[in-house]
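Peer 1: Next up is a structure, given as structure tokens.
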Amino acid sequence: MESTTVLLAASTLLLVLHASYGQFPRACSTAQVLLSKECCPVWPGDNSSCGEVSGRGVCQDVVPSNSPVGAQFPFSGIDDRENWPIVFYNRTCQCQGNFMGYNCGECRFGYTGPNCTVRRNMIRKEIFRMTTAEKDKFIAYLNLAKRTISQDYVISTGTYEQMNNGSNPMFADINVYDLFVWLHYYASRDAFLEDGSVWANIDFAHEAPGFPPWHRFFLLLWEREIQKVAADDNFTIPFWDWRDAQQCDLCTDEFFGGTHPTSNNLLSPASFFSSWQVICSQPEEYNRLRIICNGTNEGPLLRSPGRHDRNRTPRLPTSADVEACLSLTDYETGAMDRFANFSFRNTLEGYAVPASGIANRSQSNMHNSLHVFMNGSMSNVQGSANDPIFVLHHAFVDSLFEQWLRRHQPSLDVYPEANAPVGHNREYNMVPFIPLFTNGEFFVQSRDLGYDYDYLAESGSIEDFLLPYLEQARQIWQWLLGAAVVGGLVTAVIATIISLTCRRKRRTKTSEETRPLLMEAEDYHATYQSNL
């Protein structure tokens, strides 16, 4: 605890100004920019828009996907997130080569160096395999992010219509940690309809094909923001391997807070996190008032692990559940929503039963089961990122997505190009991020993005080589078994024939000397051929 306190005290002196990722770049939040609809900030390195003079990028028109979407959201042109980010901006920086960022001032994931030409691969570790110093440093970084205002990004506190179509900007400052809470909220919030009602069956980050790649991108951005705010380029997100867990092993004061001695819903006062305030946790109130979460503190972090609805989630996922999920060969099926059967994505997300792959509305499995089990701030979808356990949980979910990608080796065509729920088609820009990236761009293996997981990296290259062939064998095992059975029967028949022939030969051996040699040979061959 002492080392955590020292790290936190020292790190609060840091305020690093970097290009960043998130929703609205501060440089693009003025009325002038909103009215022009051009978000192409200057890169300070050469004082040109998007770093064009240095060949980093150019300011280009946004070209949204025109592929048809599913019927889950039967409206068009009523939500700011549709065809992201066209409502707010129709021109943004298009970065070139390995450059990245809202002004092309940074490197793509997996690259570093002044010209972004140096490859690097980071390893994410299981939190219980970290040293005490590593764990304490991680907790200190979280607290630092919670207390550091983002220098590059602001959050929207109103719809585009409420901003009078850009002439009256409505934005607010936000700390680095809460920026990502807000991003998760904004992607999953309900839609305001023109008749004054809301539409709940819409989510740009969940319940559809984009769930794994959206959260993969989200975690990478979160990881890089922590690296910047802590001035530690080697920082990686830890994960919690919750397979076969019987309880919340992280819910202690050493990690993310034990239970308060007099209130089951609050955290122990001995934990750093007991002082944390949550945001974006009142969706019903936002809908009633038709407002956007503005980042205002709404109360303490809540958590009551294990005191949940046992009928919905009887237990946490087992190793068998994980293996059953990973064995599903189809990434997406049917309507590609929470009712999809035999879908790896839907089973991983937790809307289908792992053992059968069949969707079940009455149960929460896999990813969803952890959210239900925590029974607090993490159980509210829109505000679930308030709990720091969210990050470790989703990092492990991302590692399972990675296992599936390596085992099944899908091509990009496996990710649906059209007819997915709004926001989830392959070429749809992920909401609400600037710079722009599509869902399909993160349907790739983690090593292509510059990171790996310790338990996957240890498996070695031989397993990576064999996995595709083992998977092919698994898919045709019925045919292999049938061939083996038929082969065994044929072998048995041939052995029987040879045995009978040999016995007949022995019976005729005693009279060989009294018979002509030619006749003996003819009889022998006739008998062999007849038996065969």
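Heads up, the Cβ atoms here are built off N, Cα and C, so glycines get one too.
Per Swiss-Prot, the features are:
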BINDING   His184, His206, His215  Cu cation A binding site
BINDING   His367, His371, His394  Cu cation B binding site
CARBOHYD  Asn90  N-linked glycosylation site
CARBOHYD  Asn115  N-linked glycosylation site
CARBOHYD  Asn165  N-linked glycosylation site
CARBOHYD  Asn234  N-linked glycosylation site
CARBOHYD  Asn341  N-linked glycosylation site
CARBOHYD  Asn375  N-linked glycosylation site
SIGNAL    1-22  signal peptide
TOPO_DOM  23-479  topological domain 'Lumenal, melanosome'
TOPO_DOM  501-532  topological domain 'Cytoplasmic'
TRANSMEM  480-500  transmembrane segment
Peer 1: Taking the center of the Cβ atoms of His184, His206, His215 at the recorded Cu cation A site, which other residues in this chain have a Cβ no more than 8 Å from that point?
Peer 2: Ala187, Ser188, Ala205, Phe211, Trp214, Phe218, Val381, His394
Peer 1: Just how many other Cβ atoms lie inside 10 Å of the Cβ on Asn90 (N-linked glycosylation site)?
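Peer 2: Within a 10 Å radius of the Cβ of Asn90 (N-linked glycosylation site) lie 16 other Cβ atoms.
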Peer 1: Select one residue from Asn115, Asn165, Asn234, Asn375: among these glycosylation sites, choose the one with the most other Cβ atoms within 10 Å of its Cβ.
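Peer 2: Of the glycosylation sites Asn115, Asn165, Asn234, Asn375, the most buried by Cβ count within 10 Å is Asn375.
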Peer 1: Across the topological domain 'Cytoplasmic' (501-532), what is the average pLDDT of the model, as a whole number?
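Peer 2: Here the predicted model's pLDDT, averaged over the topological domain 'Cytoplasmic' (501-532), is 38.
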Peer 1: Taking the mean position of the Cβ atoms of His367, His371, His394 as the Cu cation B site, which residues outside that list, in the same chain, have a Cβ no more than 8 Å away, listed in sequence order?
Peer 2: Glu349, Gly350, Asn368, Leu370, Ser384, Phe390, His393, Val397
Peer 1: Restricting the comparison to the recorded positions Asn115, Asn341, His371, which residue's C-alpha is spatially nearest the C-alpha of His215 (Cu cation A binding site)?
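Peer 2: So, spelling it out, the nearest of the recorded positions is His371.
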Peer 1: Just how many other Cβ atoms lie inside 10 Å of the Cβ on His206 (Cu cation A binding site)?
Peer 2: 22
Peer 1: I need the CA-to-CA distance for His367 (Cu cation B binding site) versus Asn375 (N-linked glycosylation site), whole Å please.
Peer 2: 14
Peer 1: Are there residues of the same chain, six or more positions away from Asn341 (N-linked glycosylation site), whose CB falls under 8 angstroms from its CB, and which are they?
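Peer 2: Residues satisfying the criterion: Thr333, Gly334, Ala352, Gly357, Ile358, Ala359.
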Peer 1: Sorry to bug you, but what's the C-alpha spacing from His184 (Cu cation A binding site) to Asn234 (N-linked glycosylation site), rounded to the closest Å?
Peer 2: 25
Peer 1: Report the same-chain neighbours of His184 (Cu cation A binding site): residues 6+ apart in sequence with Cβ closer than 8 Å to its Cβ, ordered by sequence.
Peer 2: Ala205, Phe218, Gln382, Gly383, Ser384, Ala385
Peer 1: Hey, how far is His371 (Cu cation B binding site) from His206 (Cu cation A binding site), Cα to Cα, in Å?
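Peer 2: With the alpha carbons as reference points, the distance is 13 Å.
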Peer 1: When you measure from the Cβ of His215 (Cu cation A binding site), how many other Cβ atoms are you left with inside 10 Å?
Peer 2: 23
